[in-house]
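Peer 1: The structure is given below, and queries will be raised subsequently.
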Amino acid sequence: MTDLTTLTIAQARYALTKREFKATELTEAYLKAIELANPTLNTYVAITAEQAMKMATESDSRLARGQGGILEGIPLGIKDLFATQGVHTQACSYILDGFKPPYESTVTANLWRDGAIMLGKLNMDEFAMGSSNETSYYGPVINPWRKKGSNEKLVPGGSSGGSAAAVAAQLCAGATATDTGGSIRQPAAFTGTVGIKPTYGRCSRWGVIAFASSLDQAGPIGRNVRDCAILLKSMASFDEKDSTSVNLPVPDYENYIGQSIKGMEIGVPKEYYLEGMASEIVELWQKGINCLKEAGAKIIDISLPHTKYALPAYYIVAPAEASSNLARYDGVRFGLRVPGKDAIEMYENTRSAGFGDEVKRRILIGTYVLSSGYYDAYYLQAQKVRTLVKRDFDQCFASGIDAILTPATPTPAFGIADEKIKNDTVAMYLNDIFTVPVNMAGLPGISVPSGLSSTGLPLGLQLIGKPFAEEVIFQIAHIIEQAIGTFSTEKWWTQQ
C-alpha cells in the first residue's frame, strides 16, 4: 500500500471521499511518521495523538454519511502561535509555560469546521521573532534538507520553521503559519514547500499571539500550490472579533489553478537585483521570468525606489509594536511566575527568566524608538517610509501590472549556529530583505519552489499581488510549479 503520508491534500481528500482508506488510517500514518522523525527534526513541541484520533473518527462518521467538509479527514500541524482550546499554546516561549487557552483562534476554528484534524503544535521562533527557528525555547528545528554529500544540520528558516519542516518531511498534510516580515515565505523557500502570506486582513488575527499587530498575518504552508489554495480557502474569513479583518468574499482559490496567464503583465523590480547577489539566485529569477514568458505573460521592468528602506523601517516598526504587545506578559495571570519581594521585582524576575535573548533585544529596540526624544526621529520616520513603500506598489499596480516576480530569499538554507550569522544580528535580519516590503505594504505574497542550489538545496521565487488578489498569484505560481516541478528530500532521519 502507498505510504499515505506522501499524498498531497488534494489527493488525500479525493481518496477519503472515495473511501479508499479511512481518516483514522491517514492520521495513524502521520502520527507514526512524527514519532519516528521528531526526536531528530524537532518540528513538534506538542503531539495531540489522542485528540487527533478522536477527530479522525468523527471525520470518518461524516464521510460515511457523505457530509464531509472541504478538509474532512486531513491531518494538519498548527504553529504554536495559534490558540488551541485546552491545548499547549506557548509561542515557544518559557514565559507562557503551561498555558492552555480557554478559547480557539478563528483560523483554527475555521479549519476544524471544515473537518481538518490537529496532529499537534509546531515549533517556531519565540514569539515569531527570528529567521532561522533557533530562538525557540524548545530548541532549533532541523531542516529535512541536507547539502549534497554533507551531514551538516541546516536551519529551516523562521519564524514558521516547524511548519515548513513538518510539511517538507511529510509529518503533516499541511500547516498553519504566520508572516510578519517573511515568516511564511522564507521557510517555505528554505524547505522546498509553498507558502502564502495573504493580504493583511484576509485571515483573522483573533486568537493568534501578537508580535507586531499591523504586520502579522496568518497563512498556510503546503506541498504544492493547489494544497495552499485549498487551505487558504478554509483559513480566510471575515471576523468581527478582529478590527482589522476585511469583510470581502473569499474566492474558491482552487478554481484558479490551471487557468491561463496569457496577457498578464508581470513586473520585475530593478531594486531587487542586489549588489553581490549569488549568481544562482539571479539565474533562478531569470528561469522564472522565462517560464512566465513562455506561458504568454508580458514581462515589464519596474522600479520600487523605496524598497531599500523597507528593511530598516521594518526593524523599527515591528520591535516598537512588539514592545507594546509583550508588556502583557508579567506573570500575574498566566504562564511563568518568578517570585520577588514586591510586584515590580516579580515582573522583572519573570520577564528576565521567561523571555529569550532575541525577544529581549527586540523589546529593548522597540522601547527605545518609542521613548521620549526618539519617537519622532525613529518611529515616526519609519511610518513615513512605510507609506512610501506602499505608494510604490500602489503606483506599480495602478499602471497595469498584475503581479511582481522576485527571489524569495538571497541565499539557500544556512547551518544551525552558523557563526557568521549567529554573531551578526544584521546578517540574520537581511534574510528577510525580499519579503519585508510585502508586509510593510500589506500585500499578498507567495513563495514557490523554483530549483535547487549548486549544493542541492531548495530555492524559491516570490510573487507579490494586488490587495485581496491572492487568486492571481496562485494562478501564476502554479504556472511556475508546472514548468519547474516540485521538490522533495530523502528521509535520511528514518535510517538513523
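Going from the start of the chain as shown, residues are counted 1 onward.
In case you wondered, yes, glycine gets a Cβ from its N, Cα and C as well.
Since this is a predicted model, take the numbers as computed values, not measurements.
As listed in Swiss-Prot for this protein:
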ACT_SITE  K79  active site, charge relay system
ACT_SITE  S159  active site, charge relay system
ACT_SITE  S183  active site, acyl-ester intermediate
Peer 1: Taking every protein chain shown into account, which of the active-site residues S159, S183 has the largest tally of Cβ atoms within 10 Å of its Cβ?
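Peer 2: The largest 10 Å Cβ neighbour count belongs to S183.
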Peer 1: For S159 (active site, charge relay system) and S183 (active site, acyl-ester intermediate), determine the Cα separation and express it in whole Å.
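Peer 2: S183 (active site, acyl-ester intermediate) has its Cα 5 Å from the Cα of S159 (active site, charge relay system).
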Peer 1: Hey, what's the Cβ neighbour count for K79 (active site, charge relay system) at 10 Å?
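Peer 2: Total other Cβ atoms inside 10 Å, all chains included: 31.
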